[in-house]
Structures are given as C-alpha cells and as structure tokens.
C-alpha cells in the first residue's frame, strides 16, 4: 500500500496482543493467574477478565456472540453512518433506570464456594461428610449447573452444542456432527479496541482510552454504575462489580506493561502463545474504517489503519505526534505488527462488531492437520495440507465466522501460509534441501518464512514481548533534579529503593523499579539464583560478627578513598 | 417598615417553634445538603454510585424502577413549577387558577401514584429477593423510610386537599415561604397556616434533604446529561493525572 504518499493523520501507538491458537492447550493458567491478580475479590466472583473458551461452544457469558439479542458493538444505520447497536444517547438515557439488555447473573453463572467447615466439624458418622456448594450471591445451598467454562473440551455439547451462535450461521447440516470434526480453544481478554463501544456507551464518560498506549480503562472514581458499558461491549468484557456498583474490565495489566513487563496472562502462558507489541495507527482513519459498508471488508479496512513503522514518513509523523523514539523502535520490532502486517497470519476477533479490536489471533491449523493425519496421509506435505484447506469447509467456514465476518478467503490464505511453513521447515529439520517453491506458493520469501517460523515456533521471550516502558520514570528525574539518592545508579547499592535511613526511606522509589526489578533480572539472566551483575546476598544469620564476609559491603570505588565502610575494616564496632 | 423588621415581626407571630421549624431547619437542611455533597464528592468519589442491583434481579426492577424514576421526575418538575413560579406569572401567561389547579392536581396525582407504586415494587423486591436484601445496608433502609414518608405525605396532602377537600391553594402560603428561604427573608408565618399534611411533607422533605448527601441518592446529582454532548470516545493522557484522584493540596506534581 503506498502509504508514504498518502497524508498521515494523527499517529497513535496501541499496545496490542496476538494469540497463536495452534499452541493453546486449554489449560486455563492465564485465566487462573489473571483471576488471582485482579478479580479475587467479593463483588467480582463471577468475573473473568481472561477466560478460555472451547470452540465450538457457547462461550462466557453464554451466547455472548448473539448480537441480535445482546445488542453489543456498532452497526451502520440507514444512512450508512456508524451508530451504537443498542441505541444512541437518547435511548441510553431513557433506558437508564433499567437496562433492557443487561446479561443476568445466570447468563454468566452463579459463583459458589463449598461449605468446607463441615468436613472438619461433622461428628463421627458412617458416611463421609460432604462439603456442599454454597452460592456466593445468596449464601444458600445451590445446585451447580453452569460456570465460566462448563462446556470445556466440548463437555455437555451433545446437550448444549447446537446453542453455539456461530454454528447456527455456518450451516445446518454440520450442527450434529461438529464435535467429531474439530475443536480448539479461544482465550479471550478485553480487546482494547480502537473504536471502543463500551467507552461510547458510558453515560458518565468514565471509560477512556489512554492516549499513550491505547489501553482502555474504567475510571473507578467517575463510574456511577449506569451499566451501559456491559451492554455496549459486544465481547461482554466489561463486568459489573455488584458490591462496589462500578464497572470493571481487563486493564492490560497496565502497571506491568508500563515498566516493560508482559501482562500476567501472557507471562504465565504455558504454551507461550501470546505476543505483545506496539502498533502505530492513524487515529483519523479509525471512524472511516469502522464505517466500511461491507462486514467482510472490515478486516482489510482495519489493516489499512495501521501504519508501517519503518516508513520514514510515518516515523516523522510519529515524532511530530510526540511518540518517543524508543517507542517507534519498539513498534518496528513489534511481533504484533509482524504477525498482522508482515506475515499476515493474524486475524481480528469478530471484526463485524466494528469496534476495531486489538487482540488478534493466528487461527489454528490443527483441525486441518488432524483431519489429514486421521485419513492416513502425510500431514506434513504441503500438497496434502493445501488440498485439505480447500476441502475441509467446516473448520474454515467456522473460523471465518469468528475472524473475518464469514469471508473464507483470508482464513484460507492464513492456513495455507501456516501449512507452507510446516512443510518447508520439515525439510530443513530433516536435513533435506529446502524447497523454495513452497514459500513462493503462498507469496513469501524463504527468509521471511524462516523468520515467521522463528517468531511462531521458537517464540523467544524477548521476541514475543517487545514492550517499551512508559516514560513516567523520566518525569521523576526531570522534575526533581539532583534529589535522587547518589547510590541509585544502575547496579549501585542504593538501587532498589533503600534511602539514607534504611529500607524504604527517602523519596518513594517508583513502584515499577522496586517491585519488578528482581523479576526482570530473573527473567533476563542465565543464572536464576545469583545474577552475575549483582552482589551475592549475604546470610547474616551465619555471620559470627568477626571479619567481613565478601559481599557484605560494596566494593570500594576504583579511585581509592576507601575510608569508612570499606572492605578493609576487620573488627566490627560493638 | 424595613424588611428585617418585618421578618422580626412575622417571626414573633410564628413563635419559637415556628422559627425553629420554618427558618432554622430549612437553612440547616440546605447547609447540610450543599456542604455534605461537597464533602462526599471530595472524600468518597469511589462510593458515589447508583449501587445498581439489576444484576441480581431484573423482572421486578424492569417495571418498578422506570415507574418510580419517571414518576419522581414529573413530580420534580411539578415542584419546580409550583414552588418557584409565583402565581402572578402563570396568571400573566394566561393560565387561570382553576385550569392550573386541575392540571397540577391531575398530573401530580398520576405521577405521585406512579412514584409510590414503583417504590412499592422496588421495596417489595428489596425485601423478598435474597441477594438484593443482603446487599441492603442500614443506611439504605433509613433512606427508604425517609423517602417513602416524604412521597406518601406529599401525595396524601394533594389527595386530601383537592380530591377529598375543596382544594387548597398552596401557592399563597407554601410557595412564597419556599421562595422566602432563598431570598434570605424567611417568613415562617406563611407556613404556620398551611394544612398539617403540607407541613409534615415539608418537614420530612427537609430531613430527607439533610440525609441526602450521605445516602445512595447522591447519584441524582451526577445524572449523566453531559452524555448528550460529549464525543463518544474519551481519550485521556496518563500524564495529566497519575492515579484517579487529584493530588491533595501541597502534593501537586511540579513541572
């Protein structure tokens, strides 16, 4: 696309995520760690900022994709202009006293705990005492009949399977046999959309998109609990805290991302399937892209909003827009940009909701590979795989419903690229001559294909997460010149927040530096226990008070002047 | 006779009780209402919410809540017209006393019945639906008592005076008294002569207003009318304010 000539509007940076669904094993580690970090409180017992759905399946909350019922996201009105599907400003205010399309707790699930006390308090009896499930909402005994992942691994799909919203749209005849055909997992977080309909639905203006990194947040002090955001979000990723009466949502772990660490769900992902990076986009083109007349054109329209961070015009425009240099460099190295625009293997989730979501997915090739393998053919041969992509309409059509508003062509293209990578790399791994014709058939070069393999298959930590830290730490230095601890240099003894009067004295260290430094060192060093660039820790319990064990005091500065607390002091003062 | 002297004279006629009820109490209530809201907004922004219970139960709320809220909005408009507009203004606009009264009584009664009916549904729901009841604080219960008493007394006053009785023109007594509070020339004498139900309604309303800033009713003051004019998507810079609250005095960031 000739972007250099076109005028570039307001350049903005967006922190975005891509998930490689082929690697998801549905272990729910992301969900559990996210819950422990963010929603292990009363009022949000039923809330999962991150959840993993088995597809085909109903999802969480149940059948949230049925926008005919839930009225989430945007639609084009009769004049072709973008409008909130649940109704505009007047309708919102008229229905503010009772939101007509708010999911009830039963659409999520009734959260519960168990009466564990009975297990220890019960008197001696013939039968083992039972811990009954108790509702966390009413406190009464309850029968567990649904949860956030009740249909995990297609559990109960014989009973509920036909309720999958997408299956209804794909084809009548496959409804009954889909569970024999394919299955995959879909982890979901807030999409941090470029055109967030939750923010547009908020009567108080409490939901905002951060200018610096595009993270969508709820200002808890301005939220008044009007509940319109829950309806507005088509992904149903804004939740109502029934104790505080405020909306809550995924924060993209902004306290971690601000210091260059990946989100909790990404950090703990067992399959290493999540990628985090920056995308530069033209904010002035967002409305135009979201108003694309045809639903199936939205995928390409959203891609056209993104800017090429290597284009000198874009770099100049980004600098004019005040985006720091290291952020532009991070955008150039961004794995998200690579997967979306360079290799073009990532697709947006439900672009037809017109919110321009920013968590994209590499669709799974495994349903196709499994089908080929089960038929007894070589599942690594690109000819077999290409033929299967063409022949296996059920998974392709289903994926198209999920990622491209029903247009199978982009899904076909992605699956063929993934299949080509698979068979091309197989030749290399077996020591055979690689076949340059394979990448060529999917419009890629050999080197590009290897780079894609490296990013998708090897997925090194620092290639998966390219997160430039926020520049809040500079603000401190700029405004409080020469007020920082003189020992607070990189690797110095003061680093980590110790002031002149002991631990935690002096000016407050940025929470970022204090809390995350150790974690960061552990992740980037080769020796987990004793980082090479750090002084070894001294166990004072083993010190008899005589002499000075190595590492007790910092080494004297190289210029001499080893007075005071040098390593030379033999007898400690009483 | 100066205005101050007149006030003193009328105050003397009203007696100490009258002064306490119709001069001291209104100003106290007004002061608590205004300052209470300022304090609450500064101190407890996080608690400033509707505390909606729609997630727990929707069937009854769907009927009761709009019934109550729209009813009370009409009641509010009625009070603004009845209390703030002098009788001479409506007369000048060509609305006679009879036609004004018929309209006001009809609309007022309908709105009052809607409000009270909605409130009854909401209170029934609050008591009978388990999760909603367990989310009800003592503060809420006190608020419900005060609110119900005020609305019931107001409706009773209207019905008693106009439907059962021969009609009462509150615009000659209650309304001038109400305006006299805000023109800082309180005239308790006007109120002493009003029927008992009107006086009780005014008293309960003053108590309700004094309690207002400390209950969940605060959500009324942040009714989101700004939504009609603001752009759909709100962008906010991280740097303008670190954290959601503005820094305390003396702790502002420099530079």
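Every residue, even glycine, has its Cβ placed from backbone N, Cα and C.
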Which range is transmembrane segment per TrEMBL? Of B:144-168, B:169-193, it is B:144-168
Which stretch does TrEMBL mark as transmembrane segment, out of B:60-85, B:216-241? B:60-85
Counting only residues 6+ away from its ends, which parts of the chain sit with a Cβ under 8 Å from the transmembrane segment (B:105-124)? 60-61, 63-72, 74-75, 78, 144, 147-148, 151-152, 154-155, 158-159, 162-163, 167
For residue B:219 (heme b binding site), what is the tally of other C-beta atoms lying within 10 angstroms of its C-beta? 18
For chain A, which of the binding-site residues B:69, B:79, B:201, B:219 fall under 8 Å by Cβ? B:69, B:219
Among the binding-site residues B:69, B:79, B:201, which residue has the largest number of other Cβ atoms within 10 Å of its own Cβ? B:201
Using only the Cα atoms of B:69, B:79, B:201, B:219, which the record gives as binding heme b, return the largest interatomic distance in Å, rounded to a whole number. 23
Mean predicted confidence [pLDDT] for the domain 'NarG-like' (B:20-238): 92
